[in-house]
Structure formats: structure tokens, C-alpha cells
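K.L.:
Below, the features straight out of TrEMBL:
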- HIS254: active site, proton acceptor (ACT_SITE)
- TYR24, TYR129, ARG164, HIS254, ARG257: glyoxylate binding site (BINDING)
- 77-79, SER106, GLN127, THR155, LYS230, SER252, 285-289, 308-309: FMN binding site (BINDING)
- 1-359: domain 'FMN hydroxy acid dehydrogenase' (DOMAIN)
Amino acid sequence: MEITNVMEYEKIAKEKLPKMVYDYYASGAEDQWTLQENRNAFSRILFRPRILIDVSKIDVSTTVLGFNISMPIMVAPTAMQKMAHPDGELATARATSAAGTIMTLSSWATCSVEEVASTGPGIRFFQLYVYKDRNVVRQLVKRAEEAGFKAIALTVDTPRLGRRESDIKNRFALPRGLTLKNFEGLDLGKIDKTNDSGLASYVAGQVDQSLSWKDIKWLQSITSLPILVKGVITAEDARIAVEYGAAGIIVSNHGARQLDYVPATIMALEEVVKAVEGRLPVFLDGGVRRGTDVFKALALGASGVFVGRPSLFSLAADGEAGVRKMLQMLRDEFELTMALSGCRSLREISRNHIKTDWDIPHCLPAKL
């Protein structure tokens, strides 16, 4: 079957992967309302394309934290990629580097920071969960720095793991032979079978529920790397992130895997962008499946987007080549959307290029 869009990878991945693995990657929390809404909300944003503009040359390149990248489409942290393909995070690292963009490596990767660095040059960020044992965190951050990672994406929406009912039903555990490679030498690399979700039990035992804003300062004291705060969806928290010296914000609801019935990230984005008043870059994570989605996010003020599940499903379908093609398709669609909207560079994409259903006042009911 010829793949013509990113969503087609999911069907292939579902056929190829064991049920426990596919369900872990694909599912959201509880009723999965936010999981659906992360996609559906994009359909409530329509274009206002401008015409008769010379779009013979289009530049989709940008900078993120001072690093030049080929497009505003980056790879989000997703855990345990060797469950999708034997090459796991190494394939994703090579594909992302070839595409000239940024990969974010999960703390819970099945390849270590050193192994990912060994694949060759590339701009890579490291996603961090803060463990109760802060020495573990110190060691991990130091290793990421030494391996050439350029930023820390601190996940702040996971003091406890969301209730993912598929994982409970499947008694999720890491398949035999796989470990969380970054923790292997610390006796924290295994996720065993339990009477519940093995990951939920692991998080309850290891992740620091007392994490608070003051820990951003602590993190800044142990690393010189810029810190992106991942998991902000309100103006109030965005303003606090600015106060605490965050280098950027990733508007994220954890792929709808934490608290259900929070807004889609594309709906929360503009509130966060307005709150930071241009003092730091804001990125969007969640629900991006089309180049049109990327354009909509940028029109609402995002500096770029991160894609998660598309990376996993394309990896499962066709390894490194799948991830390369997925990124290329999103780039091509985005460039086409720019051309058809009359935009030649990212600077020209504006709020005036879209209208949302929340812009339109609801009509008053007719008098009886």
C-alpha cells in the first residue's frame, strides 16, 4: 500500500504490533475524550488564504533556542521505541538528523543517551522525569550534557500516571529483553508485570510527586542547558514559567494520557502565547497529523510543533525509512499549505490567516 499521509501509518502499526504495545502507544486516559479532541479541535480552525502572492520560493526553515533547523516540525519524546522496531530510538535519531530537525529523547527510552549520540551528529533534546532520588536525576542530566544534548524538556504534568485503562486491562509491562536503558545501571531499568499497569506502579514508586516550581531553580543549578517546561496548558502557569526562567514552554497534555477532559492543546495554545507576551518561545505538542495542523499552530503563535505518535507508528511500519517519510510528508504538506495561504516564510504566517469557531459570536436565538 502506498502511504500518502501520516495517519495511514497507524493502521499498519496496529496490524504489526502486539496488542499490548499498540494499545500502550495509541490509548489515552479514561474516557479518551481529550485524545479525540486533540485531533478534532484542529477541524474547528479554518483558513483565510491570501491570493495573488508570488509563492515561487518558500522558506520553511527556522531557529529553536538558537539552533537552525530545516522546518518547525520536531520529534516529541515517546517512551520505549524498541517495542515498535528493533532499532528503536536509534532509527528515530538517524531519521530526525537526516531531516535536519530536532529529536527529543524520552527518559524512558530503550536506547541510552550515549547510544543515541553514537548515531552521529544531530540536534537532540532530553526529556526528563524527576525521580525521588535526586542523585539519579543529577547523573542523568550530566550524561545527557556529556552526550551532546542541547536542552532539557522537563515534563511537569506527571506527578502520578494518568489512568490508562488499556494498560490496566493488558497488564502492561516491558517486553522480555527490553529495559529503560538510561536507568539500567541504577537498577531502575525494568517495568515488571503487576496486577495493574506495570508503568503506573513504576511511576508511583520512582517519580517525585513533590516536584514544584522551586525545582526548576534546582535543575538550573545542576545544568547549564536551557530548560523547556513541557505540560503547560494555562496562562497562569505560563506566566510562572517565565518568572522561573524557563527557556521555552511546550503546550502539552501528554498526548491526552494524563488528565482527561482538559482542552486540546491547539485550543490551549493561544492563551499560553498571549500570557508569555513574546518573552519566550511556545511550542505545541499533541494531535498534529497534517501540514495544515502545523500551519494552524504557527498562526496561533507557536514557534514550532512536536509530533509523537506519528513517529512511533511510522517507526513500527517501516523503521528509519518510515520516520523519514513521515517527516517529509508533514514538511511537504506544510509547505503546500503556506503556498496556498500566500505565505513565503514563517514570519508571514499570522492570526489573520485563520479563523476559529471560538472567534465567531454565537447567534442569539430568534424571538418566538
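The backbone N, Cα and C atoms fix where each Cβ goes, glycine too.
Model, not experiment: these values are computed from the prediction.
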K.L.:
To the nearest Å, how far is the Cα of TYR24 (glyoxylate binding site) from the Cα of ARG289 (FMN binding site)?
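P.N.:
So the alpha carbons of TYR24 (glyoxylate binding site) and ARG289 (FMN binding site) sit roughly 19 Å from each other.
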K.L.:
Have a look at the recorded positions ARG164, HIS254, ARG257 and say which one has the shortest Cα distance to GLN127 (FMN binding site).
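P.N.:
Minimum Cα distance from GLN127 (FMN binding site) across ARG164, HIS254, ARG257 lands on HIS254.
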K.L.:
Using the alpha carbons only, what distance in Å do you get between ARG309 (FMN binding site) and the residue listed as 'active site, proton acceptor' once rounded?
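P.N.:
About 11 Å separate the Cα atoms of these two residues.
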K.L.:
Mind telling me which of the recorded positions LYS230, HIS254, ARG289, ARG309 has the densest Cβ neighbourhood, counting other Cβ atoms within 10 Å?
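P.N.:
Sorting the candidates by Cβ neighbours within 10 Å, the top entry is LYS230.
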K.L.:
At its widest, how many Å does the recorded glyoxylate site span between Cα atoms of TYR24, TYR129, ARG164, HIS254, ARG257?
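P.N.:
Output for glyoxylate binders TYR24, TYR129, ARG164, HIS254, ARG257: max Cα distance 19 Å.
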K.L.:
Give me the non-local Cβ neighbours of PRO77 (FMN binding site): same chain, 6+ apart in sequence, Cβ-Cβ under 8 Å, ordered along the sequence.
P.N.:
THR104, LEU105, SER106, SER107, PHE125, GLN127, ALA153, THR155, GLY308
K.L.:
Please give the average pLDDT for the domain 'FMN hydroxy acid dehydrogenase' (1-359) in this predicted model.
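P.N.:
It averages 94.
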